[in-house]
Amino acid sequence: MSAYNQNFVPPAAAPANGNQGSSLVNGLPGAVPHQQPPPQAAAAQQYLQQKAQPQLQQQQFQQPPVPYPGSSNNSSQPPPLQFNSNIVNKFLPPSSTSANNGAPPPSTLPSHLRPPTANGPTTLTNGSNGANSAHSSRTASPGLMSVPQQGGAPPMPQNTQYAHGAPPPAALPIQPQSVASLTSNMHQMNLNRTNGQPSANTAPTPQQLQQVPPQQQQQHQQPLANPMTGPFMGNKPPNLNPSASRVIGSPPTGGAQPVPVPASGQRIMYGGTPASNDQQNNNLQRAAPPPGAGTAWPPSLPKAAVPGIPHPMQTQPQAQSAPFAPPQQYQYGQAYQQPLHQPPLPQQQQQQPAPPPGMFGAQTSSAPLQYQAQPPPPSMQPQGQHPYAQPQPTSGPPQLGAPVPLNVAQQGFSRLWGQDTIDLMQNRHILSPATLPAPKVVLHNQFHESINCSPSIMRCTVTKIPETNSLLQKSRLPLGIVIHPFRDVNNLPVIQCINIVRCRLCRTYINPFVYFVDSKMWKCNLCYRVNELPEDFQFDPATKTYGDVTRRPEVRSSTIEFIAPSEYMLRPPQPAMYLFLFDVSIIAQQSGYLEAACSVLNRHLDEMPGDARTQVGFICYDSFVHFYSMAEGLNQPHEMTLLDIDEPFLPRPDSLLVNLKECKELVRDLLKLLPKRFAHTHDPGSALGSALQVAFKLMQSSGGRITVFQACLPNKGPGSLEPREDPNNRSAKDVAHLNPATDFYKRFALECSGYQIACDLFLMNQQYSDMATISGISKHSGGCVHHFPLYQKTKQHMVDSFRMCFKRYLTRKIGFEAVMRIRCTRGLQVHTFHGNFFVRSTDLLSLPNVNPDAGYGMQISYEESLTDVKTICFQAALLYTNSEGERRIRVHTVCLPVTSSLPEVMHSADTEAIIGLLSKMAVDRSIASNLSDARDAFINATIDVFNAFKIAQNLPSGQSGQLIAPRSLALMPLYILGLLKHPAFRVGTSTRLDDRVYAMDCMKTLPLDQLMKFVYPELYKIDVLIYHARNSNASTTEEDDEEEPLPEVPRLQLSAEHLDSRSIFLMDCGQLIMLYVGLNVPPDVLEAVLGISSTAELGDYVYGLPHIVSAEYDILQRFLLRLNYDKPYSALVQIIRDTSTAKGQFIERLTDDRSESSLSYYEFLQHIRAQVK
């Protein structure tokens, strides 16, 4: 049989109702339509036909005869047909000279474009209604049991035979804009030829939209049972842009037919289920959109177009055939099933994720798994396909004018707006470059965004502040900031002026976010008071001219430093004062730390910050306290021993602290003598309390820094302690003795803080030393703590690590007698501080010493609503004395927008800042209550956040098998699991009490960038570096002097599944870098990187890289330099082979994997999902 083109109708096909009429298209007699158009449309149609007929006939003569496909005699003339110009016009390619090589998609029109009737059900072409017709959705309901396939619309047969003798569909009135180019484009179109059946993907014309009143559309829709409802899908259509002028979709893989590109102005069409010829005939009549709808057409989509769920009537994909392939046989229920109906949904319910790849003719995405849309649930998958199988990505760049996949477009806009989501259960490998950087603060002001405070200095837990406290409680997110105020900053603007401009009411420093009323008045951005500008503020110190006030450095940089005038000084600036206390007990001497400490101190004595007034002093202690006088005129230091340690006193008032510049030689001699002086003593006592008391008396007149080296438990004099740790109870769930045993050291620290004295602690213990108690001297005086457990001079790697740490400690910049105040916009206040300091007042922190390696955290609360505020600001002002005796003020200001939308608050979360604040809060919770409460608080915080997001997004409740998270919070469960497995909070694993306390102290004091590596190390596979080194080495010449940039090395999650015996892996833990060498690494790689030919040559404990002359070694060194760039000092490198006994140190840091006492990452996600209601 011959196959008729679907856009042509035989002249003998007459309607059942007997209506007669005539229509001429290209001079051919046409069939009479079933429903005659209105008189106005008929008149316009006849006029346009007569006017366009000469042009059409002339175009016909200019075209060469082409054999008509499907005819028996190979005639170039088709049989007499009635032409449907509306269908053709909608499938015309954008250019008349470009041919469409693919056939249009075999699918039907959406339900909202189906013809409604004013009275009763839809009348079919054979005269029967929907209840009695065999082609209705009721009689064809067995078709719902057909096997579904993955995709949005079932494939339409290329040539489908009509059943029951149903006539082909009739034609529609001719559109004026399509007549001129009708014949010239006739042979360039690829149309579905289904025995005269019209194409399903056609759009209504304006004349058709005016034929039916809008009220009839709702009468046409019939309530049907939806077989696809369930926990994996909602009843909401996707939020599509009806004004798009292109088809969102591209040819799917797997044999589906390609989607043609519509002409400009055509609306988006989506395929439904295959319909019968009667229904498709009725589909040619369109209902007009509701009045005032404008671009809101189409109002709804059929149920088959729900993203992520294949239509139940879809069959397995058919092999792709030519546009005029022979007819294919389909089941009755498939070929004549009508698409389901659903009423239009409210606008706010149309926010749904984009359909997965392959639906609606969408092209599969080649993006990583976490950027692709989620697949349908297993119950909706085609038979024989894995539930989470992803389509294969296509290769090659997209062609110009090719259809854009719907899921990529919607996800792109969501990602652009920062509101994309992800299912963590299906995207377990969530760590990617898209989730790692700090979220950007959007202020809708390009200048303000460019000068906002750097996230490495100050970050808020949310980048959009909730306008009310109730909105914050709904989000379940902690509100606070983490700050690194004394960070080493390059190109820091330093200003010296007579008058520092500040608000007269709240004392806020002028900053880039204030409002200038005019050249003489400015409005404070924190309290909104209008202040006057001094006359000299119009002078620009950079250009030495008077001009615009906005050119001043104060209003062009959010981080700035002022040289403070005398009004900011209560006393003359103090000199740099350093006092060192050495433990010289028998345990300390056996460890050998004193030799390394004196050696580093002697070498870097000239590099210590200070001026000509810098003073130093030394005290040693065991069961007694030993002083060293370096008075003028002495050839060598003079030692004095204090025997009365219960009531200590100073043996002499002077010469114990000496000027470094004047007595440098005596100081060097003393540093050489001290290791030998106590080398043969066997005193087990340690009078730390007495040594601290005399040190305070020595420093209280001027203030300064006390550095304490402790190697054992203090057991003599004031502050003596008893062992509290039970070695057999190190893995218990209830961890005891996290609180100090006595308040002696805390009271001492508070007394030191009042006299601008800070105490720093280096704990070099080989046994329990009760760090929970003695670390109080640093926690409450603004000091720092360094811990080197099991230190031995025979362990070279520990000696090297201590040397690098102590060198950084001696040479880094320091601020004396510092205070810091955090100011907030009116309506907010700081209610809790975290870090090492003393709170002098409600918002003033006392920092006797401030160092560039210390971080702090603050929790923010509401005083009043922020309804009338568009932005809020936090300003941190640090007043300190530098080592040269200058009084300076460093000011940081950050500006954040205010929002009233709960979803915006959730999507603006800063995961790393949240983790930094939660870790500090958990340390306080562990000390105030117990460790179990802190662990429960971590899990509950995660569950509460995901519950809040589920409510904010109106996600379905119940066990849906999904854990939907915003992109901003995608890493939160991963980092929470890292905290739960960290030595600070883990249970079930043997952990020394001093190690746990030190880890908790790091949680409170480390800056955020260092803290994240401490919580979740970075894992890299360095094969990329080796491959790059070999290729670049072969391609470069001797003239290339410039160093090539390093390639991007992908970061891996901490799981053993990424390990390969043929590769080398690098794990950056912050202060330690591990190189894990696989057992089957090629010998040439081992020789080029490590200088060995086999992994058997590596010992169990190898530290440091040997010096090798090779391109691979050089690029690895460059990569290590990049990792160490932002660290206080270079990390120690440890090399671990696959069969080494040290492998356990590497494996225990793979937090994504399951251990004997903890869950894996996926199991933890399952636990969270089970708790999210």
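Indices start at 1 and increase along the chain as displayed.
Cβ atoms here come from the backbone N, Cα and C positions, even for glycine.
What TrEMBL annotates here:
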REGION    1-326  region 'Disordered'
COMPBIAS  41-86  compositional bias 'Low complexity'
COMPBIAS  126-137  compositional bias 'Low complexity'
COMPBIAS  175-203  compositional bias 'Polar residues'
COMPBIAS  204-223  compositional bias 'Low complexity'
COMPBIAS  274-285  compositional bias 'Polar residues'
COMPBIAS  314-326  compositional bias 'Low complexity'
REGION    339-405  region 'Disordered'
DOMAIN    500-536  domain 'Zinc finger Sec23/Sec24-type'
DOMAIN    573-807  domain 'Sec23/Sec24 trunk'
DOMAIN    815-899  domain 'Sec23/Sec24 beta-sandwich'
DOMAIN    910-1013  domain 'Sec23/Sec24 helical'
DOMAIN    1047-1110  domain 'Gelsolin-like'
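A contact links the domain 'Sec23/Sec24 trunk' (573-807) to the domain 'Sec23/Sec24 beta-sandwich' (815-899), because at least 3 Cβ pairs that are 6 or more residues apart lie under 8 A. Taking every listed stretch (815-899, 910-1013, 1047-1110) in turn, the largest tally of C-beta pairs under 8 A with the domain 'Zinc finger Sec23/Sec24-type' (500-536) is reached by 815-899.
Note on the domain 'Sec23/Sec24 beta-sandwich' (815-899): DSSP counts are 0 helix, 57 strand, 28 coil. Across the residues of the domain 'Sec23/Sec24 beta-sandwich' (815-899), the predicted structure has a mean pLDDT of 94.
Within the domain 'Zinc finger Sec23/Sec24-type' (500-536), the DSSP-based counts of helix, strand and coil residues read 2 helix, 12 strand, 23 coil. With DSSP states grouped into helix (H, G, I), strand (E, B) and coil, the domain 'Gelsolin-like' (1047-1110) comes out at 13 helix, 15 strand, 36 coil. The helix, strand and coil residue counts that DSSP assigns across the domain 'Sec23/Sec24 helical' (910-1013) are 71 helix, 3 strand, 30 coil.
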